[in-house]
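Here the structure comes first, spelled out in structure tokens, and everything after it is commentary.
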Amino acid sequence: MEYGPMHPPVSQKIHWQPDLPVRHFNYTPRMQHIHGDGALVNRKSSSVVTPLPPAFVGAPLERPSIQTELAVSGILRTAVAPFERVKLLMQNQNEMIKSGRLTQPYNGIFDCFARTIRNEGIRSLWRGNIATATAHVSAKAIQFKIQEYFRSHADSRWSTFQIVSAVVLSSAVNLFLVYPFLYAGTRMANDVKTTGDLSKRQFNGILDVYRKTLKVDGIAGLFRGYTMALAQLGMVTVLSAPLKPWHQSLLNQTQTNYLGRAIINCGYHLTGSLASYPLDTATRRMMMTKYKSSRNAFAQIFKTEGFKSFYKGAGASILVSAVFNVSAVSLFHLYDVYHAAMANRGDGSQPGFAISFRWKRDGDK
């Protein structure tokens, strides 16, 4: 049995994934390392499990490449785009009513779907998705680069203060770089098309959003709500940290139960997401309307609409997380099946259409 160092390097200490206003997914590969005899070693628990079937010896199911994960991120964002737009419409409906862009409030998720499709067509459910997907993929790419930097300094010994400072600074820079895309996606998603004089769109695309915003508010207009989004990021990080060991433990227990892994991931992400949802609402509302400050925006919304208004669209947000995580686990399951089939083909056997197996630890019955 192998034992890790009592004082792990900084690359092991800093293991975080910033939960920006764009949602990430966590994919935990089941097989980290395979010995020559086919035994599987889990690097986190340093335990050896039973030997692999002959078809898998020497052919581990490795973590997908960075390019694959980025491509899957864009695909998943496109898959959940209709739910994301409904969430944004319900979240910002009061701002649109005040500005005259919306005649009456939505009566729920299904009413929002129906009215949007009736007034704008089914393709409009993906309005703003290009900007949002770009923000999501860009944030993940930046995250990969940051992790590579920490891995290159694996032998460094950092203090707790240095680690926390690095995490905070990296997360703030990451959010700052993708925030203009989030702003454009939000403005386009809430650019409703009804009837009569309002049948004309306010924006004709991402560049038009930037052009009109810069003309009225300058460069600062693209970052309205940034401080509130940063506060949301910090809140999610603090709330998620105590749950991470529980989350990882449950994932280890459901290694081949793909639906169970999707449910666990969904519950883990929703814990921080729903708790910080009022901050997300304030962020999106500030993108739509110019408030004096983040505190003023929160106070004005609470005073005029009540606390309940901060959770408008939360049901659609739950649907976004559920569809996203189920789709992510399904896609990576297909990735595993494909690589296992290729391993079988390399050994001269025929690739199968379904692969089902369960790994046991030593001592399991």
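For all residues, glycine too, the Cβ spot is worked out from N, Cα and C.
What TrEMBL lists as repeat 'Solcar' is 61-153, 158-250, 256-338. If you look up TrEMBL, you'll see 161-183, 221-243, 314-335 marked as transmembrane segment.
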Check your understanding: With DSSP, how much of the repeat 'Solcar' (256-338) is helix, how much strand and how much coil, in residues?
Key -> 72 helix, 0 strand, 11 coil
Revision key, fill the gap. Residues in the repeat 'Solcar' (61-153) per DSSP class, helix first, strand next, coil last, are 74 helix, 0 strand, 19 coil
